[in-house]
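Structure record follows, encoded as structure tokens.
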Amino acid sequence: MHSRQQEIAVALHVCAPFTGPESVQTEIERRIRFIQSCLRESGMKTLVLGISGGVDSTTAGLLAQRAVEGMRAAGEGDHYRFIAVRLPYQVQHDEHEAQLAVDTIKPDECHTVNIGTAVLGLAAATEALEPLSPEQRDFVLGNTKARMRMVAQYTIANARQGLVIGTDHAAEAVMGFFTKFGDGACDLTPLAGLVKDQVRQIAAALGAPEQLVHKVPTADLEELSPGKPDEAAHGVSYRNIDDFLQGKPVPDEAAQIIVDTYDKTAHKRQLPKEP
């Protein structure tokens, strides 16, 4: 066991391993209640979430839809609604899976905002991009795509008295695998503390198709590396990340990659610094 496993797990509020179907269901209910309490406390009426077709957004969407349906069924008001948002950049290569996710969630509403024009317009107007290599430019615009998607979600939320849901969980948080003020910007994170396999278990328990539950995770932000798996970007598998966070034995090399990346990305998990 690496000397920092417990420290990092505590900092990220890692959820205890599930012990069976009952514990999965208990966690589902707890997180639905959390979403409902966020709506009540904020005074907002809707939940807004971008649906990519991956297991994380599918799971968060299923929890959100159940949360608002529960509030309506309890007589708290028909105004509580979940708005799913499709956010393709021009043509989405996994369009079928994104649509499958929407069909699975059955959101109250589904909007589509193609961010291509906005991203390319900003790129054309930004002189700082001109001296960059193709690889550097691709990386920068990848982060711009993530930020533009969050702009779109907050625009809808602002118009509809809504809260924006984030899909961050412990296995991504430890690696800083999100864009600062992009997909890392949100009002609530109902998957927080879960490791990747727990997200999959919850998705399966909520009825997500096997195709989405076990889809290879990819941020798919860089055009020069389309469909690049998260694990290729991490340099370590989600199995190793999950085991590390749950205090299980992990190969020394994998553990060191996780710790080094956690330290390097600390700024992403902190509020802006003050004097």
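Going from the start of the chain as shown, residues are counted 1 onward.
Yeah, the Cβs are placed from backbone N, Cα and C, and that goes for glycine too.
For the ATP site, Swiss-Prot records G50, I51, S52, G53, G54, V55, D56, S57, T167, K196, and the single candidate of T26, T144, T218 listed with them is T218. A 10 Å cutoff on Cβ-Cβ distances gives K180 (deamido-NAD(+) binding site) a total of 15 other Cβ atoms nearby, all chains included. Counting other Cβ atoms within 10 Å of each Cβ, the binding-site residues S52, T167, T218 show the lowest value at T218. For D56 (ATP binding site), the spatially nearest entry among the binding-site residues R147, E172, K180, D187 is E172, judged by CA separation. The Cβ of G54 has fewer other Cβ atoms within 10 Å than any other of the binding-site residues G50, G54. A gap of 18 Å separates the Cα atoms of G54 (ATP binding site) and R147 (deamido-NAD(+) binding site). Considering other CB atoms within 10 Å as the measure, the emptiest surroundings among the binding-site residues D56, E172, D187 are those of D187.
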